[in-house]
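> Heads up, here are the entries from Swiss-Prot:
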TRANSMEM  6-26  transmembrane segment
TRANSMEM  27-47  transmembrane segment
TRANSMEM  56-76  transmembrane segment
TRANSMEM  143-163  transmembrane segment
TRANSMEM  194-214  transmembrane segment
TRANSMEM  224-244  transmembrane segment
TRANSMEM  266-286  transmembrane segment
TRANSMEM  300-320  transmembrane segment
């Protein structure tokens, strides 16, 4: 057996066992690596003023304030809301809602009977039990998310500290030319920077828009604005987790116009205008004006890759989706610019 074949057999065996050993941490390592790549320009800026260990720690501290603090805020506020529910008032609210729904559905006999049977099992006790189940699930999920976040932060320090060495090593190991490897890396890094900044600005815009509106109705605009901005990152439901309960609360107190305004404002101004119209425009602005990058990737493709990533990978899909898309497009462009051209030259 040739030494080369023997080496590749040993390498594949070792690679399999490495994947098996670290399979529970692969996603965390991937997220840490992507965050490091997207945030590395900040590290380069800090390196000019501090030692490597200090700048690495400061980068981790900044990301920790973005990842851990908001998560703690959500868990703390959500648990307070659930455990401070007044059962008597909540029962009255459910009874009132059932009456309103039954009264309006009486004009539609075809669905009235089915809805009535469904509402029979719809009570304050059942909803409270459901909320407690949700809170326990959220508690378990939040604990896992916090554990993953702490592990990611630990890996982030490692990646920031040895980032330059990792970069040079991978450029040398990849079976491509140095310029080809750099172009792939620059394309992925550029997309990550755009996505991270776009997501941060969108969360701030949506949170501020909701907080400024809701404060006029006597609610805590600061807390609800933060919760809405963070809830906007939740796949499928987003800010509806915040504005629907508030609209129901206003309805219960007879404030029909206020409830309708909150619903329309949240749907039309925030969900449609900010999330669906302003966000793609923001991607274009950040790409061309802030980073002044020459990336040849359509802005709408970046936008849809973020949506697809969230639907497949949850919260972290915001960066995983665009990364996969950018990497694949970079490979296609590499194939087009180098391999096809070389084949054409060989034919000539």
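A Cβ is built for glycine as well, from the same backbone N, Cα and C atoms used for every other residue.
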> Which bits of the chain, at least 6 residues beyond where the transmembrane segment (224-244) starts or stops, bring a Cβ under 8 A of a Cβ in it?
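That would be 70, 73-74, 77, 199, 202-204, 206-208, 210-212, 214, 262-263, 266, 270-271, 275, 310-311, 314-315, 317-318.
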> May I ask which of the stretches 143-163, 194-214, 300-320 has the most CB pairs under 8 A with the transmembrane segment (27-47)?
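Counting Cβ pairs under 8 Å, the winner is 143-163.
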> Which residues of the chain, 6 or more past the ends of the transmembrane segment (300-320), have a CB below 8 A from one of its CBs?
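Residues 27, 30-31, 34-35, 38, 145, 191-192, 194-196, 198-199, 233-236, 279-280, 283, 287, 326 contact the transmembrane segment (300-320) from elsewhere in the chain.
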> In terms of Cβ proximity under 8 Å, which residues at least six beyond the ends of the transmembrane segment (194-214) contact it?
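Contacts with the transmembrane segment (194-214): 35, 38-39, 66, 220-222, 224-226, 228-230, 232-233, 239, 242-243, 246, 262, 265-266, 269-270, 274-275, 278-279, 282-283, 286-287, 290-291, 293, 295, 302, 306, 318-319, 322.
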